[in-house]
């Protein structure tokens, strides 16, 4: 998502067009129906609820949407969607090319305050900083949010940044990331197959594993060994290793990883030098959180 120059909301409303296969499917239990359930509440702000629903209509795989597509996904009338988008543009949260709309990085600030202040993120930050200082690479923590991973804490040395540089609140697809596969490995087999059946599995590089059966076998291996390396599957040149963070009952709560460039760190070094540091940090953090 690039930071683009804001343009005015198109003056002419988009003409109606029939729903097609190219249009994103409506969200189950649509926002419009959930909003309608509060019509009897005099303190409920329908306009605010609609604005939030419009923001949530955008996904990693649907970054550019038309008014018709957003209306289809949310079941909110097009006129209301248009007003929401106009407001988001004026406030610096969205932009338009005259037909499609996309969110701007400023929208991440809406969730940053919460994510960075959760007990897990607060407790994890010193460990991430220590890992980053020790290994001179970016250290991250994420949870599973729908079909994506959601970054909840991060520490990165300025001189080592690579193009995949997500701030707290950023998202990436779970299937092709080391933290994502750790979190997917915590699912039972039925839930995992359901995920692989609905997720948009595509080759982001020539090395991306995107066949459902191959991914299922890979994630089962991750589950058995307790850690995961993803080597240039998300982005050419990007290599990462991840481990799980457990809660008091032994369930996977989040994932912790270090990402690096292939020109700096070999896969063997990831496993021999980075992995013990990550496992120790995971163990110490779990002990701090749950005793």
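Placed from the backbone N, Cα and C atoms, the Cβ positions cover glycine too.
Now, the feature entries from Swiss-Prot:
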- 1-22: region 'Disordered' (REGION)
- 45-105: domain 'HTH iclR-type' (DOMAIN)
- 67-86: DNA-binding region (DNA_BIND)
- 120-291: domain 'IclR-ED' (DOMAIN)
As a quick check of your reading of DSSP, tell me how many residues in the domain 'HTH iclR-type' (45-105) are helical, how many are strand and how many are coil.
33 helix, 9 strand, 19 coil
Tell me, roughly as an integer, the mean pLDDT over the domain 'IclR-ED' (120-291).
91
